[in-house]
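Working notes, beginning with the structure itself.
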Amino acid sequence: MLCATSRLLAARAAAASPAQPRARGPAPRCRRRELHFPGHPKLPLCGFLAGRLARLSVPTGRRAILRRGRMPPVVGGGSELRLRKGRCGPQVARALGPDVAAEAAARSPKRPAWGLRRFEAAGWWVSLALVTLLSFATRFHRLDEPRHVCWDETHFGKMGSYYINRTFFFDVHPPLGKMLIGLAGYLSGYDGTFMFQRPGDKYEQHNYMGMRRFCASLGSLLIPFAYLIVLELSKSLPAALLTAALLTFDTGCLTLSQYILLDPILMFFIMAAMLSMVKYNSCADRPFSAPWWFWLSLTGINLAGALGVKFVGLFIILQVGWNTISDLWHLFGDLSLSLVTMGKHLTARILCLIVLPLALYTATYAVHFMVLNKSGPGDGFFSSAFQARLAGNNLHNASIPEHLAYGSVITVKNLRMAIGYLHSHRHLYPEGIGARQQQVTTYLHKDYNNLWIIKKHNTNSDPLDPSFPVEFVRHGDIIRLEHKETSRNLHSHYHEAPLTRKHYQVTGYGINGTGDSNDFWRIEVVNRKFGNRIKVLRSRIRFIHLVTGCVLGSSGKILPKWGWEQVEVTCTPYLKETLNSIWNVEDHINPKLPNISLDVLQPSFPEILLESHMGNNGLKPNDNEFTSKPWHWPINYQGLRFSGINDTDFRVYLLGNPVVWWLNLLSIALYLLSGSIIAVAVQRGAHLPAEVEGLSEVLLRGGGQLLLGWVLHYFPFFLMGRVLYFHHYFPAMLFSSMLTGVLWDTLLRLCAWSLASFSLASSIHVLGVLSLVLGTAYSFYLFHPLAYGMVGPLAQDPRSPMAGLRWLESWDF
């Protein structure tokens, strides 16, 4: 009634008086209790509002509410905006007079009955149940096929087995996703004995379905999450249903959800964090209530989950951070809030969105290191002190001489993670790669070719001869390192390194320890004085080549097959201290020296946590894999083979539903255009009809949140130097699909409103949404063999089920 009253008053005033300039200043905020201005008596809200409406000096009640940041319902959403308590009618009637009030009441839309509102809410829940049921049905259909390892199952299934067997391993991603996969396998009866060696290996009797069901369950929940997010942002059931259809019928999301991968787990936490955030925003008018605390805390928990699966979870953290800063900024501008209340708001967000996620993220690593307590393939990625805590490692419960002496047999390990041990073997550098001498590399695993003997530079006598006294190696000594297996000395010269320009080549040279002056190195302990002894494991040392002045180090680059794909070792002329050029002595064998226990050297948990975050994330593509560029992804340019190549194989091909993906791309362009037009119109003070104003608010605010999510989850990949794959785009695709649902629902409502004078105008919105849903479903029917698998002729063959559907030459199915 209030809205109808304000419109009636505005119409009468416009007819009775000349146009007045629109007020520029902000309208005073309405309060539910009473308002008090200096020099005036206290006035209840409704009386104050009625008086102000009568003088037409503030915007209508609808605009005042919008300026307070409340999201208006869309056209056809079930009700008009109205004051929360609904008790303004009598005071408005008294202020305006019976005639005006009666006319306004006659024109005011009736408030929906309580039963109608309950029916509307029930419709939302029924729709959610149907969406969830369809999502699970599509994701669990033929989940057991193929019955062999597909694509990255070879990595993440194997890592799940490591957790079950408590075997330590190294991976570039945080541990939460792999721990959950291992837990799912353990609870479903998988014993961790399958090797997951290569794609195509048959599972046979091994119980792999528990891990697939777990990933499929989380992938299925993405669709109801998207439904609820769009429903909360737009208050439109058709927009939510359209979004759910786009994701349900996308072959790419379906494929990623059906295998033992990190992607469905990552996307689950991203969408859960987004849903928690928009729910918490909806509780902004009830700060510090139980729902407010619940959604705020759940947002922090999901942020920890997203970051704990992959580091790209940082992108949703940025989005929640931006939302939080914006929220606090608006609260700071509310002068009715005391500084104590502002402090409570700030403290709550620090606790729930910073402290809680950090505590949970740290806890995942604590569990990770507690569970993986046995030696495994990841030992060599970590420091020697860390390896001493792993059961089965040669350093576990070991005792070795404390100080380095001449004649000792040692291994030398680089301090940068994932570089490994100084290594050599009998193979020579190929023709044209520097001097044709013995290769020197670093190797990540324990091996006899990692052993070196430390000797004086100017003598060949055996220091282990009992007649010679023990002589310790000290900071600043000139030494030779002789390779134990081949008797060649560590050597460098002015030839260029194999891969790194302006670095010098490092080789093995000499016969039975006899070489030349290019075999001499000065050993230095970082931040120590000359003459100090060198401690095993604890001393951080560098090797300075005496002739060229360069520093022994590793570039971290992988050598070609002639170098057995080991890591390049160079001698760098740049003397800056970096982890690449700092080493420590790990194994130490010298029968003339007493031993000490290594238990005292085991690192603390903070040291282990810091070390685990200092590795590199350089990845290499596997054989027969297609890497891609970020600009390929939104246009669905190229897919990715999950299984099979030949017509006799069971083939699964990761490719998005082209109708969905190209509609999303079109929607982003349309949103930028329409959003820009509306934003400029509002900024210029254009008077928009109430219906258009409400829809514009939904488009700019709700759509803006989703566009920001797409930008944050997509554009950072342009800055990454690592290997990129098509599946990296799918978190961004979720946001673009939600934006598509909001955009087309809004545009169709605007079309229906603008054509209200035509008899079929009311059907435009329903028919438009229904056409999009049916078109998406039909395209899924055409392309579903890509996700569920196909056997038989390839797409080029007319007999193939995919014949005629290879719309782009780059689609290789």
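All positions are counted from 1 along the displayed chain.
Positions of Cβ are set from backbone N, Cα and C atoms, glycine also.
Annotation comment: TrEMBL describes 401-457 (among others) as domain 'MIR'.
Residue counts of the domain 'MIR' (470-526) by helix, strand and coil are 3 helix, 29 strand, 25 coil (DSSP-based). Under the heading domain 'MIR', TrEMBL lists 470-526 (among others).
The average pLDDT for the domain 'MIR' (531-588) in the predicted structure is 91. Under the heading domain 'MIR', TrEMBL lists 531-588 (among others).
Sequence-distant neighbours of the transmembrane segment (121-138) (same chain, 6+ residues past either end, Cβ-Cβ under 8 Å): 217, 220-224, 227-228, 231, 237, 240-241, 244, 247-249, 254. Feature annotation from TrEMBL assigns transmembrane segment to 121-138 (among others).
Here TrEMBL flags 259-280 (among others) as transmembrane segment.
The transmembrane segment annotation in TrEMBL covers 292-322 (among others). Through the fold, the transmembrane segment (292-322) approaches residues 173-177, 262, 265-266, 268-270, 272-274, 276-277, 279-280, 283-284, 286, 348-349, 352-354, 356-361, 364, 617, 705, 708-709, 712-713, 716, 728, 731 of its own chain, all at least 6 residues removed from its boundaries and within a Cβ separation under 8 Å.
Sequence annotations record features per position, and here TrEMBL assigns transmembrane segment to 346-367 (among others).
Feature annotation from TrEMBL assigns transmembrane segment to 659-682 (among others).
According to TrEMBL, the feature transmembrane segment maps to 702-725 (among others).
The annotation transmembrane segment is assigned in TrEMBL to 732-756 (among others). Remote same-chain partners of the transmembrane segment (732-756), defined as residues 6 or more beyond its termini with a Cβ less than 8 Å from a stretch Cβ, comprise 74-76, 222, 226, 229-230, 233-234, 236, 238-240, 242-243, 246-247, 250, 252-253, 267, 270-271, 633-634, 656, 660-661, 663-665, 667-668, 670-671, 674, 689, 691-692, 695, 698-699, 702-703, 706-707, 709-710, 713-714, 762, 764-765, 768-769, 772.
Among the features that TrEMBL reports, transmembrane segment is placed at 762-783 (among others).
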Is the count of Cβ pairs under 8 Å between the transmembrane segment (762-783) and the transmembrane segment (259-280), pairs 6 or more apart in sequence, 3 or more? no
The transmembrane segment (346-367): which same-chain residues, six or more beyond its ends, come within Cβ distance under 8 Å? 174-176, 179, 288, 293, 296-297, 299-301, 303-305, 307-308, 317, 320-321, 324, 328, 605, 608-609, 612
Within the same chain, the residues 6 or more beyond the ends of the transmembrane segment (659-682) and with Cβ under 8 Å of it are 246, 249-250, 252, 634-636, 688, 696, 699-700, 703-704, 707, 710, 733, 736-737, 739-740, 743-744, 747, 772, 775-776, 779
Residues of the parent chain within Cβ reach of the transmembrane segment (259-280), under 8 Å, 6 or more residues beyond its termini: 150-153, 156-157, 160, 173, 176-178, 180-181, 208, 211-212, 215-216, 218-219, 221-222, 225-226, 228-229, 232-233, 291-292, 295-296, 298-299, 302-303, 305-306, 308-310, 312-313, 315-316, 319-320, 323, 642, 705, 709, 713, 727, 730-731, 734
